[in-house]
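Feature annotations, reproduced from TrEMBL:
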type	residues	note
ACT_SITE	A:ASP52	active site, nucleophile
BINDING	A:TYR110	substrate binding site
DOMAIN	A:8-101	domain 'Pseudouridine synthase I TruA alpha/beta'
DOMAIN	A:143-255	domain 'Pseudouridine synthase I TruA alpha/beta'
2 protein chains.
Amino acid sequence: MRNLCMTVNYDGSRYNGFQTQPDGNTVQDHLEKAIATLVGEKPKIHGSGRTDAGVHAVGQVFNFMTDSPIPADRWPLALNGRLPRDIVVTGAQNVPLEFHSRRSAKRKTYRYTINANQYADVFLRHMQLHHPARLNVQAMEEAFHHFVGTYDFTSFASRYSQKQNHVRTVLETRLEIDYSQTRPHTRDQGILHFYITGNGFLQHMVRIIMGTLIQVGEGKHKPDAIPGMIAACDRSAAGPTAVSKALTMWGVHYDDINFQDK
Amino acid sequence: MRNLCMTVNYDGSRYNGFQTQPDGNTVQDHLEKAIATLVGEKPKIHGSGRTDAGVHAVGQVFNFMTDSPIPADRWPLALNGRLPRDIVVTGAQNVPLEFHSRRSAKRKTYRYTINANQYADVFLRHMQLHHPARLNVQAMEEAFHHFVGTYDFTSFASRYSQKQNHVRTVLETRLEIDYSQTRPHTRDQGILHFYITGNGFLQHMVRIIMGTLIQVGEGKHKPDAIPGMIAACDRSAAGPTAVSKALTMWGVHYDDINFQDK
């Protein structure tokens, strides 16, 4: 018995999220099926975290126990040949038996992308929220930084969250603006990539943060309203849940294991 | 009567090319239908050139005559609201009555993209040829430059080309390599963007050039075999027609009109 750990990228557009659902058609289902056809075992894989339907991943991590003798570095190509084209395993390594993708994870990073140029990007429309109307980007960035810290994030969690404890630590927030497609003398505002790193995230947390930031950008809230929203511990204090397609799980960090997948 | 000229980006994945076909479902069909629902005329639009089924465009140009009084700068948003999400009009301007998108075009640029990293890019797989096996990129670049000049390109045209004259001028070839996703200590070779500019291109010409360059990269031909292939004026002297999805019409150039669409 060995413990194999892998990284996987996926375009979540066609899937009901990462984790197995009664309806099927999840990334986990496809991975388990590919592993089963490769080695004839019925593995149960453990993902570092769920992603919602439509959410993408670059460097999602999963692990599973196997008796297969296939060397770790042979697995990615072998699995990719058995997976749909929108799921690509990009790395595999042997890890200690006690390693668990979710429980061992120290930090996770997500990226949310708003295309604030006047026209949608036809090639990346499946992973951007298009918001051509004017946004106060500076206010959004200021509001974003108010999320850094250890708080009870009940206001920013789905009402259906089943977690007992809603205290999480956001370690870093960072806005990167890509002006490469911005045309001079237009109302183009760039492509806004919001990166957020934390020790864990509640259900819909990043999407509710983003829905709230968009309201800040639209002038509906001041940036310094964020601490009060957090303190309210009430979902109705925060903004709406932003659309899932613009969200990408951007990597998982462990203490002892280094994934060079990007 | 006025002559309106527009730029359009499209993801060609779902379409039978730009130009109207008996089977329908072309980009032109969708544009004409959107214009018809907007202004109640049945316009006939003129594209700067055809693109094959599956080929994309950034800055394709078309023009048409209209009696509509709608100001030019209102057209893009009005049409985009009536177009599928994978076709986006990005600019409109009034042009002289004698302007014709194809006949007035002086130069066109195409881009062909080969992902030579070990793993496919799940997010851009619809516009990249994935070639993880080793390529001699330097030889490909050298071969690419052999196409610059004025030649009879019969060897690099579809056998079904209906043009009388196969002489064309290739003005510039340029290779850009994107290493941003290249992981150290792997066989990743980067994402190769091949740009080619000419006064016009024959049917399948860029794709046959690329199919031949890939053979050069695989060591099947030396770069200096290209001049002989061109001189043969025989389709069978050149390589295969590379897959269409990796090809993007990258812009059209006119003497007097400047499109700032990128």
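Just so you know, glycine gets a Cβ as well, placed from its N, Cα and C.
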| query | Cα of A:ASP52 (active site, nucleophile) to Cα of A:TYR110 (substrate binding site): how many Å, rounded? | reply | 12
| Cβ neighbour count (within 10 Å, all chains shown) around A:TYR110 (substrate binding site) | 24
| said: Test of understanding: give the count of other CB atoms lying within 10 angstroms of the CB of the residue listed as 'active site, nucleophile'. | reply: 20
| query | Going by DSSP, how much of the domain 'Pseudouridine synthase I TruA alpha/beta' (A:8-101) is helix, how much is strand and how much is coil, in residues? | reply | 25 helix, 25 strand, 44 coil
